[in-house]
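Undergrad: Dropping the structure in here first, questions after.
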């Protein structure tokens, strides 16, 4: 064998030639060797000839004619598909015909014995009975249609569909002219449907025609042509999915024109502006939630998007059905949301409303975020408060309600601010009075009281007057709140009966004496000249008023009640000096008559009403008074009757026109004085009187604004008494110039009026 590369045929021929030259003797020896039995190839296992392949560098069995025949018999060989190499082998066999025939192995005549696969013979097919789902129906009316036949046969089972055309597998046979013959074929999906149709539909009648149903049998008509290409259904998966779809319980879609998928998406514009989210990014979530709540009324929402960077303020809402989207468009188009008129329309299916953030915007956003992180904690809190206030100042855009008027939020904000303004002055007044009471406890001297009087006027008088004159409702609300808190205090009576009463009595006496000395130097002998009150007199009167206020504030800080201080002082005076109290009561009657006369000039009927109410309240309280103090009360009543006459003469000298009301006021005053002795153990009654007094002087303030400068001093005194209304009864007794010892009567008068 040469070392050149030969192709397969040349190489095979070369091997045959070499076999002729060198292999005849060996073959003869192998065949004539009787010592061993031949194997299946006709050769001894140990006598198999090998040859060396120079190209592959290996030994291979030597190819002989017997080897080729055996190989063809084992691995299948047909005469029609003989290869050229086999032809060459035949040529070699012709050339070696002189060899004995026994050397040739017999060629196999039956290929099946050698392991060749048997191919299925092409011919007519037969359907197995257990898999046959076809039903043949005869006796149908000649005018029956395919739809009517489908409707008839579908009553007994699911009709199979063609996987490619998706049409029902039914057939109505026709003759040569195209007319219906009256028979048809139906293919069911399950075998059970065939049995059901045989039981129920067989021998049934339709329009007078009797039907006959049987299992379909397929027969060959004519001769079978095997040359025709056999139809193959390779779409097994498609067929299986079609069957599963038919077996599904879900109903089929409604027949009708199908709408596009993008018609289910609604585009809403002008919902917001991108700048709205810079101050408060959380507004985005609020708008999304409001839109979700509103759109859920029209149907099921599948998806909701807000394009926060779009300049038109675009939002998209995806519904389940196009009809729901149509309803949403019809309802929301043209409505108002957050002060903006929105528009709603169906999505065209192509427009992309997503606006990407530019590199510049991204850099600015990152810089702002970095600045926020580097800022101290205090500035962060300030920025948060600024953002909250900015969101409150946003106005109509923050309403975020459909079809809402833009000014609603502003009105609500104004109401809130007004309510806060009403409450703030009241709290400030209480706080200042408490501070003043604490300062007065440190030093109860007259000089200290006078020094602190300008400060107290600035703190108490000015804010109280401004709040009461500018907004009367505010003072009324404040007094009501104080009344409620005082009336609801059950601890006041127990505190008054405590051992602290002795020390408080002494303190009150010292204060009253100091006030009396100060008032003697400040009194003006000309009592009738009320119009000529000088600035010195006004300042002195203010000082005396402030001293009484400080006495009341001292009592408030000590006991938490506004009447206990003065009542304790009154009790001390009655116990220690009976005659001195009678003198003070006479002067008190005069002062009360002055109040009555001036009230009559001002045409203030509120005082009468309040005094009557006080009388009725005190009548109820008299039933619960202790019997041990009745004697003192009777003595006081007789003294008051004698003092009433003196008060009347004093009022006539001043030219006041209150004679018609003196008797009524005197009766009310008698009741007031009778109660003063009994109120030592019942301070709860004083709280109710205090509430009535506050209402009285608030009415006086509203009436005093209408008069001349002649009554300005009285107005000021009345306003001061209003400021002290929560602290001490009838503060109006300090009007005008007072007689000697009037400052002492101020404090005792407040006690008697309780």
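Backbone N, Cα and C define each Cβ position, glycine as well.
Residues or ranges marked as compositional bias 'Basic and acidic residues' in Swiss-Prot: 90-122, 462-476, 508-538, 553-563, 580-590, 652-674 (among others). Among the features that Swiss-Prot reports, domain 'RRM 1' is placed at 133-218, with the record citing sequence analysis. As annotated by Swiss-Prot, N6-acetyllysine applies to 297, with the evidence given as similarity to another entry. Annotation source Swiss-Prot lists compositional bias 'Polar residues' at 405-415. Under the heading SUMO2 cross-link, Swiss-Prot lists 429, 430, citing similarity to another entry as support. Swiss-Prot lists 539-552, 591-606, 613-633, 640-651, 675-713 (among others) with the feature compositional bias 'Acidic residues'.
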Undergrad: Based on DSSP, tally up the residues of the domain 'RRM 1' (133-218) by helix, strand and coil.
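TA: The breakdown for the domain 'RRM 1' (133-218) reads 18 helix, 30 strand, 38 coil.
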Undergrad: Going by DSSP, give the three-state secondary structure for the residue listed as 'N6-acetyllysine'.
TA: coil
Undergrad: Within 10 Å of the Cβ of residue 297 (N6-acetyllysine), how many other Cβ atoms can you find? Include all protein chains, please.
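TA: I count 9 other Cβ atoms within 10 Å of it.
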